[in-house]
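Engineer: I have a structure I would like to understand better, so I am pasting it below and will then ask my questions one at a time.
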Amino acid sequence: MTSRRWFHPNITGVEAENLLLTRGVDGSFLARPSKSNPGDFTLSVRRNGAVTHIKIQNTGDYYDLYGGEKFATLAELVQYYMEHHGQLKEKNGDVIELKYPLNCADPTSERWFHGHLSGKEAEKLLTEKGKHGSFLVRESQSHPGDFVLSVRTGDDKGESNDGKSKVTHVMIRCQELKYDVGGGERFDSLTDLVEHYKKNPMVETLGTVLQLKQPLNTTRINAAEIESRVRELSKLAETTDKVKQGFWEEFETLQQQECKLLYSRKEGQRQENKNKNRYKNILPFDHTRVVLHDGDPNEPVSDYINANIIMPEFETKCNNSKPKKSYIATQGCLQNTVNDFWRMVFQENSRVIVMTTKEVERGKSKCVKYWPDEYALKEYGVMRVRNVKESAAHDYTLRELKLSKVGQGNTERTVWQYHFRTWPDHGVPSDPGGVLDFLEEVHHKQESIVDAGPVVVHCSAGIGRTGTFIVIDILIDIIREKGVDCDIDVPKTIQMVRSQRSGMVQTEAQYRFIYMAVQHYIETLQRRIEEEQKSKRKGHEYTNIKYSLVDQTSGDQSPLPPCTPTPPCAEMREDSARVYENVGLMQQQRSFR
């Protein structure tokens, strides 16, 4: 499990319901301390627009649900029921599914806070990426609600006097919203505590001085808190000699990992294929390239096009798990590759094309026109394309195209080309709103077509703007599915798409733009939720303490995750006799989904 921030240390049952109903979706859950039984915990799960609360017993030896499986830690219990669907049931047999953790706000926006990280994982990180004095703060696994300061000591080789790598862990207690290390001064925040011990180093009992010299930063963030992360990344360097800072530092770190992605590109390097590449050194990886199957068997290179399949959940491909949406990242067409482009679109059953460049920019050809004029029909090798109509929006042109194979009349299908026209020749757009509106239209079109193949995305080289659009779309899809409190990781997502096509997201400006676009999306979503809550409260007068079981749905497609209104918290009371639903003991099963 990558995060244990589903644990909310300071909320009541009423507050848990309010959070789950306003910020979660069905399947969202959180854990919290039990108010009625101090030392125990409660699992709160949103189901069918309502919230079920499940008691978790902490005997001092193990955690369980007052019966059933026993676990050493709260995290292991939650992970087990997340992974083993069908094990957690009510007495009437209804399954309770833990799908989406509703994360607690991080106690700090500082990048040295890593959230859920085990001691071993912290040691591995500090040993591999840190140096003497590197530190991070993480959640305590053994004491939910507390934290741990992990510090690398020894020399820069990570070795202490006995020649072994050394990482020291210091427990940070959180009591009554104050933080301390088990004695001495108490602090109002984790940041205050860390800043204090940076200036006043702690000393271990054996005399080792714990110097907090430089933080080992994380790139994972809670999507809802992206504004705080952007603010941190936008800070200017403290001193003129400290060049690496914020966005530049993160992007440069990402660039340094390119050496890990040196996969073969032999097909693109073949002499016969060189004239099919717009740029001689921007070539597709062999392991993810689109292979054209309908070429001339006497011409082995007829299967080549400079394009790669991009799967958002690439690591699951080996498990035969098909992601909901995939992409084809490709270069802008050359005159001699237009026929191959349409062969690819037809073969992959792609119904949506995203073009992010003009045909000519700054006097240079970026992509030849690969579609006919409006109302015209044109043949491209074995493919026929008819331009049914064109319509212009503020930032883009939408073309409805009919694609078929020459001589095969029953093969005609509709392909929609979204041509984004307002990306500036230099840099990135000043306002991400236009890009987000554009991607929203693309998303709805793709969703509306049954069994549509990958979305084809191209610019000129097929890596810069193409990578930027794809990464933004992937991150927004995650938020759509899991809600605003999910974890996202921009560098990790870029690294994932780069493992499938080299060089995706080319500049620091594009990297920063991804953050700005996601921030803009989140802010729009949060305003929408606030307005819906206000509207519901004005339109309804609540006369009892029951919660609304009606999901907020509408006939039109919403670009934002669903949310369910709830009465003001002041009108509710926590009553253990009412709050807790009966949950039957788990039935032992052999097969898991």
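Keep in mind that glycine also has a Cβ here, set from the backbone N, Cα and C atoms.
The shown structure was predicted, so the numbers you read here are calculated from the model rather than taken from an experiment.
Here Swiss-Prot flags Thr2 as N-acetylthreonine. Sequence annotations record features per position, and here Swiss-Prot assigns domain 'SH2 1' to 6-102 based on sequence analysis. Annotation comment: Swiss-Prot describes Tyr62, Tyr66, Tyr542, Tyr580 as phosphotyrosine. Marked as domain 'SH2 2' by Swiss-Prot: 112-216. Summarising the annotation, Swiss-Prot assigns domain 'Tyrosine-protein phosphatase' to 247-521. Taken from Swiss-Prot, the feature substrate binding site covers Asp425, Cys459, Ser460, Ala461, Gly462, Ile463, Gly464, Arg465, Gln506, and the record attributes it to similarity to another entry. What Swiss-Prot lists as active site, phosphocysteine intermediate is Cys459.
Let's see these features in context: how buried, what's close, how far.
Structural biologist: Listed in sequence order, Lys70, Phe71, Ala72 are the same-chain residues at least 6 apart in sequence whose CB falls under 8 Å from the CB of Tyr62 (phosphotyrosine).
Listed in sequence order, Lys55, Gln57 are the same-chain residues six or more apart from Tyr66 (phosphotyrosine) with CB atoms under 8 A from its CB.
According to DSSP, Ser460 (substrate binding site) is assigned to coil rather than to any helix or strand. Using a 10 Å radius centred on the Cβ of Ser460 (substrate binding site) and all shown protein chains, the other Cβ atoms total 22.
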Engineer: List the same-chain residues at least 6 positions away in sequence whose Cβ sits under 8 Å from the Cβ of Asp425 (substrate binding site), in sequence order, or say none.
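Structural biologist: The answer is Glu361, Arg362.
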Engineer: If one looks at the chain holding Cys459 (active site, phosphocysteine intermediate), which residues at least 6 apart in sequence have a CB under 8 angstroms from its CB?
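Structural biologist: In sequence order, Gly332, Met355, Thr356, Thr357, Lys366, Cys367, Arg465, Thr466 meet the Cβ cut-off.
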Engineer: For Gln506 (substrate binding site), which residues of its chain lie six or more apart in sequence with Cβ-Cβ distance below 8 Å?
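Structural biologist: The list for Gln506 (substrate binding site) reads Ile463, Gly464, Gly467, given in order along the sequence.
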Engineer: Cβ distance under 8 Å to Gly462 (substrate binding site), same chain, sequence separation 6 or more: which residues?
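Structural biologist: Looking at Cβ-Cβ distances below 8 Å from Gly462 (substrate binding site), excluding near sequence neighbours, one finds Ile282, Asn306, Ala307, Ala329, Thr330, Gln331, Gly332, Arg501.
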Engineer: Please spell out the DSSP helix, strand and coil residue counts for the domain 'SH2 1' (6-102).
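Structural biologist: Split into helix, strand and coil, the domain 'SH2 1' (6-102) gives 21 helix, 32 strand, 44 coil.
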Engineer: Rounding to the nearest whole angstrom, report the longest C-alpha distance spanning Asp425, Cys459, Ser460, Ala461, Gly462, Ile463, Gly464, Arg465, Gln506, listed for substrate.
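Structural biologist: Pairwise Cα check on Asp425, Cys459, Ser460, Ala461, Gly462, Ile463, Gly464, Arg465, Gln506 gives a maximum of 16 Å.
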